[in-house]
Amino acid sequence: MASEGTRGLAKSAAEKLSEMGERTKQLGTAMQDPQRQRRLILFIVCIALLLDNMLYMVIVPIIPDYLAYLEGDTTPDQAPAGINSSFFPNRTSHAKTSTENLDLQIGVLFASKAILQLLVNPLSGTFIDRVGYDIPLFIGLIIIFFSTCIFAFAENYATLFVARSLQGLGSAFADTAGIAMIADTYTEESERSKALGIALAFISFGSLVAPPFGGILYEFVGKRVPFLVLAFIALIDGILLLVFIKPFANRTRENMPVGTPIYKLMIDPYIAVVAGALTVCNIPLAFLEPTIANWMETTMGATKWEMGLTWLPAFFPHVLGVYITVKLAAEYPNYQWFYGAVGMVIIGASSCTVPACRNFGELIAPLCGICFGIALVDTALLPTLAFLVDVRHVSVYGSVYAIADISYCVAYALGPIVAGQIVHTHGFVQLNLGMGLVNVLYAPALLFLRNVCQMKPSHSERNVLLEEGHTGLYDAIKMEERNAKKRGFASSAGNTMSGGQNEMGIFKGQSISEEELSGAEYS
């Protein structure tokens with residue numbers, strides 16, 4: 001009786017293992033589908049971009065208070081969760097005597113990530129062009145994971161600074177490689193605009209949800225938890241990349257086309273205009289983030305929760321701006337420059353109206369206008385960079401998106417350090433008027449891009465490369481699609497033939513398939 005029960009259990013276990021193996025096999029087969037591979041690539045990259053922007057903004061409600069505690073004799077971990085910082089007299093008295101020094105420390109710590117990212121991007125862009133997109137993305141995620149863990153357990157300013165700087169090193173690889181991978185995977189302009197728009201929505205969500213996310217967790221469970229959560233997300237994303245994309249698999253990298261050097265891309269006038277627009281349009285956001293909370297407190301007596309939720313409502317108009325631009329670009333692709341110019345004018349007008357607001361409700365409108373305008377500019381111009389590389393250079397995107405990342409980093413490196421000084425010397429009103437004026441004045445420069453759409457890319461080189469063998473992840477997917485279509489057409493042609501004509505019909509079907517595919521793919 002006992003032996004029969006053991007046999008039954010063994011048989012049941014064997015059946016379950018067989019079923020699990022079959023499901024794993026089906027999952028692996030499904031993951032080989034080119035369309036699913038594309039969606040998986042987009043998902044992994046979007047999570048990486050979400051993570052990076054959350055890391056940049058999550059310290060906004062945490063670091064000022066935590067550094068003030070480090071200046072005193074008591075640490076936040078020794079305090080009961082949720083207790084007000086004024087409970088500690090050492091912290092308060094010391095903050096009064098070293099406010100300027102503390103502000104400088106906070107500004108440098110905020111900017112250190114963007115500064116190192118700015119310095120490393122020229123090197124990371126070249127590296128990505130040489131080895132592909134997946135390995136640098138994996139390297140970036142690993143660096144972000146370890147640096148974020150270090151930041152979570154850091155208990156002095158030097159360790160916080162090193163960890164924050166390492167986050168910038170990881171972001172220089174992850175951000176640039178991720179966006180370049182999207183551009184390489186989606187080569188049709190409409191698909192590329194849509195995919196980059198989805199990525200920008202994740203970037204926006206990460207930037208705007210991170211401050212309340214970090215503030216709430218810091219208030220109730222301490223400094224370490226928000227950073228450990230983000231480190232865990234980086235680890236999961238890296239595992240997904242390692243398992244499904246297989247960055248270290250034996251791919252042929254020797255045949256990869258040599259990308260245009262980054263210094264040559266920087267002096268391309270069209271790319272320079274786009275890079276300048278990306279920097280200028282992000283200046284209001286980068287300069288307001290470190291200064292608006294103090295202005296709200298002194299001008300309108302804003303509460304802590306109002307200051308923490310300042311930017312959260314702006315997420316929705318940002319997503320709306322992405323959606324509108326993607327739809328317009330699909331219908332009227334010749335006016336990408338115009339959408340960017342309109343966005344810069346909206347940013348300028350919204351920035352100028354910020355100082356006129358006298359309560360939290362009034363302030364939401366101009367901040368939403370700023371984020372809506374940024375969405376128009378980013379969604380219109382990021383695909384333009386890839387298009388410019390396609391028609392004027394070699395279709396390798398690491399260096400050109402390193403330039404885009406440099407453009408963002410210039411704004412976010414200067415913001416935490418320069419914005420406070422401008423407010424102290426000239427005032428908050430003058431800061432906003434200056435930022436608004438710069439955006440409005442730069443908008444006409446995008447007229448220089450109005451004829452870009454008339455440049456016609458040549459697909460013959462890539463077509464030859466595809467016939468010789470794929471040279472990158474996108475080309476591998478296109479080869480799989482092409483072979484699948486050939487097999488499908490050959491199979492259907494074979495089924496319609498009979499007898500001795502069957503074999504000849506198959507060959508004829510394959511020939512027709514190749515011609516149709518060539519015409520459809522490169523028309």
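For all residues, glycine too, the Cβ spot is worked out from N, Cα and C.
TrEMBL lists 41-454 with the feature domain 'Major facilitator superfamily (MFS) profile'. TrEMBL lists 40-63, 135-154, 195-221, 227-249, 270-288, 308-326, 338-357, 363-388, 400-423, 429-449 with the feature transmembrane segment.
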Ranked first among 195-221, 227-249, 429-449 for CB pairs under 8 angstroms with the transmembrane segment (135-154): 227-249
For the transmembrane segment (270-288), distant same-chain residues with Cβ under 8 A (at least six beyond the ends): 340, 343-344, 347, 350-351, 354, 367, 370-371, 373-374, 377-378, 381, 384-385, 388, 392, 400, 403-404, 406-408, 410-412, 414-415, 418-419, 422, 431-432, 435-436, 438-439, 442, 445-446, 448-449, 452
Close approaches to the transmembrane segment (363-388) from elsewhere in its chain (Cβ under 8 angstroms; 6 or more beyond its ends): 179, 183, 189, 192-193, 196-197, 200, 204, 208, 268, 270-271, 274, 277-278, 281-282, 284-285, 288, 296, 300, 310-311, 313-322, 324-326, 329, 336-337, 339-340, 342-347, 349-351, 353-354, 357, 397, 400-401, 403-404, 439, 449, 452, 455, 457
Contact ranking winner - 40-63, 195-221, 400-423 against the transmembrane segment (227-249), Cβ under 8 Å: 40-63
Top Cβ-contact partner of the transmembrane segment (400-423) among 195-221, 308-326, 338-357, 429-449 (pairs under 8 Å): 429-449
Long-range neighbours of the transmembrane segment (308-326), counting only residues six or more past its ends (CB under 8 A): 61, 193-194, 197-198, 200-201, 204-205, 207-209, 211-212, 215, 289, 292-293, 296, 339, 343, 363-364, 367-376, 378-380
Distal contacts, the transmembrane segment (195-221) - CB-CB under 8 A, six or more residues away: 42, 45-47, 49-62, 65-66, 76, 81-82, 178-179, 182-183, 185-186, 229, 308-312, 314-315, 318-319, 322-323, 325-326, 371, 375, 378-379, 382-383
